[in-house]
Amino acid sequence: MLRYLLLLISYSMILCGLSSCAIMLLGFKATYGRYSAESYNLPARLAWFTQELPSLLMPVFILIRSDHWGYSSLNTIIVTMFIIHYFQRSLIYPFLIRGGKPTPLHIWFMAIIFCFFNGALQGLWHIHYAVYPAEWWFNIRIWIGLLLFFTGMFINIQSDAILRNLRGTGEGTYKIPRGGLFEYISGANYFGECLEWFGFAICANTIPAFAFALFTICNIGPRAIHHHRWYLEKFEDYPKNRKALIMFLL
């Protein structure tokens, strides 16, 4: 029963992701960050910490209570990849934010709900239902997935640092980001996260992992396009050779 419920959540995530992508490509923007106009908000640090934390705690709890713990288990490695990302995202990233825009309450609430269910989904599936052969280390797909995941994570963290260093503490003005992949694309941080979860999905090779990767790409991909257009409108000297999300293509 639980297996079918987790699959239902996965397919629902795919449907929601595709629907969200279509809506945002029509011009609608997710109303947080620079596009927020709501008066009821939470401070950026508090919002990021609390909304991302369930995606850290749920798989940690599931992993600790399972009998799959062991360095030779690919199940453990995959869940640990997920945990590593959300450790950085919930316990490190929020406290490095400088002058971040407040998060609207409805966005914060939806993020908490999503992180709770997705943390449970990825933890439960990849500990209790995903089956991998004992000789998994001979599978090139898994190593490609690991490489993409950690490359994406590096790009994401580096890009966040570049954006963070554009402004001083409490400063609210926007500037043109430079350095790293920002020399080629406006959404370098988003590209890094898309690459990260694409690598996770390739490594895990499961429906829940691909559902989450697709959901992420469908939501932050259009946001990168919106950011790119916003930069072009706001800065006359914005580099015209930059793309939005994918170097030389999009």
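In case you wondered, yes, glycine gets a Cβ from its N, Cα and C as well.
The structure displayed is predicted, hence computed values, not measured ones.
Residues or ranges marked as transmembrane segment in TrEMBL: 6-26, 46-64, 70-87, 107-128, 140-157. Per TrEMBL, domain '3-oxo-5-alpha-steroid 4-dehydrogenase C-terminal' is recorded for 102-249.
Counting residues 6+ beyond its ends, the transmembrane segment (6-26) has Cβ neighbours under 8 Å at 117-118, 121, 124-125, 129, 207-208, 211-212, 214-219, 221-223, 225-226 in the same chain. Restricting the average to the domain '3-oxo-5-alpha-steroid 4-dehydrogenase C-terminal' (102-249) gives a pLDDT of 91.
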